[in-house]
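The structure appears right after this line, and notes come after that.
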Amino acid sequence: MSTESYEDAIKRLGELLSKKSDLGNVAAAKIKKLTDELEELDSNKLDAVERIKSGFLHFKTNNYEKNPTLYNSLAKSQTPKFLVFACADSRVSPSHILNFQLGEAFIVRNIANMVPPYDKTKHSNVGAALEYPITVLNVENILVIGHSCCGGIKGLMAIEDNTAPTKTEFIENWIQICAPAKNRIKQDCKDLSFEDQCTNCEKEAVNVSLGNLLSYPFVRERVVKNKLAIRGAHYDFVKGTFDLWELDFKTTPAFALS
């Protein structure tokens with residue numbers, strides 16, 4: 001099917017209106033509608049580009065140019081003390097929540113902040129994201145942060161038992177990593193509402209990820225030698241609280257901030 005050029009379309013419209021002048025008002029209305037749609041489309045693209053530009057200029061003026069010593073240091077190397085696993089959810093950026101500065105934390109974000117068990121044949125992206133900061137950068141702390149209203153956990157809790165993932169290409173397969181958390185919550189919290197079950201699963205899924213971290217030899221070795229600490233956390237952006245706990249698989253926080 002051939003595509004008519006802009007010039008040909010305008011020419012054909014002109015010829016039609018010259019023959020049928022009574023269509024003038026109809027054509028004017030359609031042209032106005034098309035013009036409005038094109039202007040809106042162009043405006044949306046412009047807004048996105050301008051947001052990116054203005055965001056960088058703000059960063060450069062208020063951060064980069066005011067901290068030459070820091071950026072000269074970062075240009076040479078990085079020595080982060082934290083490796084953080086956090087959700088890709090746009091509401092839970094760990095750098096904002098914990099006020100991490102550039103160079104302070106190596107951050108890995110994915111759906112529902114999950115860490116799969118050690119397996120050389122799959123999830124190599126997570127394995128690489130673990131291996132590099134631990135074996136090369138020698139981070140001293142791993143923190144896995146769950147959060148309130150997590151869509152990944154809600155999706156996990158909603159999957160019917162003993163059924164294969166069918167609705168999505170990647171998501172359902174990924175969130176099954178923390179199926180043990182779902183199973184435990186379904187058993188231990190069966191009398192709670194679905195919403196409360198999800199809240200509990202947000203925390204229990206963190207514990208599953210903490211356990212999975214120990215399946216990586218280079219993680220386990222450093223934990224045993226007290227060279228690496230592993231902690232779980234839960235950020236509630238509805239209540240404005242942050243719970244932190246040690247690697248004892250208890251959801252009772254070591255301390256809570258509010």
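A Cβ is built for glycine as well, from the same backbone N, Cα and C atoms used for every other residue.
Sequence-remote contacts of a segment are chain residues at least 6 beyond its ends whose Cβ falls under 8 Å from one of its Cβ atoms, and the signal peptide (1-28) has none. Annotation comment: Swiss-Prot describes 1-28 as signal peptide, evidence class sequence analysis.
The coiled coil annotation in Swiss-Prot covers 24-54.
Cβ neighbours within 10 Å of Thr35 (phosphothreonine), excluding its own Cβ and spanning all shown chains: 10. Taken from Swiss-Prot, the feature phosphothreonine applies to Thr35, supported by similarity to another entry.
Annotation note: Ser95 (phosphoserine) sits in a helical segment as assigned by DSSP. Taken from Swiss-Prot, the feature phosphoserine applies to Ser95, supported by similarity to another entry.
According to DSSP, Cys201 (S-nitrosocysteine) is assigned to a helical segment. Neighbour count (other Cβ atoms within 10 Å of the Cβ, all protein chains): 26 for Cys201 (S-nitrosocysteine). Per Swiss-Prot, the feature S-nitrosocysteine maps to Cys201; the stated evidence is similarity to another entry.
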Separation of alpha carbons, Cys201 (S-nitrosocysteine) and Ser95 (phosphoserine) (Å): 24
Stretch-averaged pLDDT - the coiled coil (24-54): 81
Cys201 (S-nitrosocysteine) to Thr35 (phosphothreonine) - Cα separation in whole Å: 50
